[in-house]
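**Student:** Structure provided below as structure tokens; questions to follow.
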Amino acid sequence: MSEKEGRQSGSSPQASAVTVSDIQELIRRKEEIEAQIKANYDVLESQKGVGMNEPLVDCEGYPRSDVDLYQVRTARHNIVCLQNDHKAVMKQVEEALHQLHARDKEKQARDTAEAREEALSRDRGPREGLGPPQAFARVNSISPGSPASIAGLQVDDEIVEFGSVNTHNFQSLQNIGSVVQHSEGKPLNVTVNRRGEKHQLRLVPTRWAGRGLLGCNIVPLQR
């Protein structure tokens, strides 16, 4: 292995600059080293299969004459060096994958936080720009035992929503009357402002002992 290859195997990508290309390059170097290790093992195999541990002297202690001692020693030395390089590159691959994965998790967390903040901003935007929903009518009186009383309506409640009627489409009390007539026996969602607090009620227009289907008097607010 050349001195240049040795320097390359010892280098590692900057932690802050790890990319998929860096990891691909490390894997390419790993495969190159594995190919060189195999080539050197092939050399040993061609020399009577001496391997890494077979003695290079005969039973009398003389150098063996049936193998190329120089080739065997060189191949063994190369294998040891290449195995060390392989171990170093594998460590770099593991670290690079860990850094890339950690950075992806951080990016995913940032993206999630940004998406959540954007969604909250969109949700807050109209309210911040337009303020709280405006009331368009007020409860002037309520008869005891009436559907309005049972639903929890109170005198001076300011009506923000009455079924499908709200401050944007309210024109007159006929709008509320029409909703009531078409909703007899069916629950209506009613939102009121009561002493500065918003309350959600369910009102069921129903025939009862008194007049009408609600049993309350509603008057429009001056806008």
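The backbone N, Cα and C atoms fix where each Cβ goes, glycine too.
I grabbed these lines from TrEMBL:
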REGION    1-21  region 'Disordered'
COMPBIAS  8-21  compositional bias 'Polar residues'
REGION    101-142  region 'Disordered'
COMPBIAS  101-127  compositional bias 'Basic and acidic residues'
DOMAIN    126-196  domain 'PDZ'
**Student:** So what pLDDT does the domain 'PDZ' (126-196) average out to?
**Tutor:** 89
**Student:** What are the DSSP helix, strand and coil residue counts for the domain 'PDZ' (126-196)?
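**Tutor:** Looking at the domain 'PDZ' (126-196) with DSSP, the answer is 19 helix, 20 strand, 32 coil.
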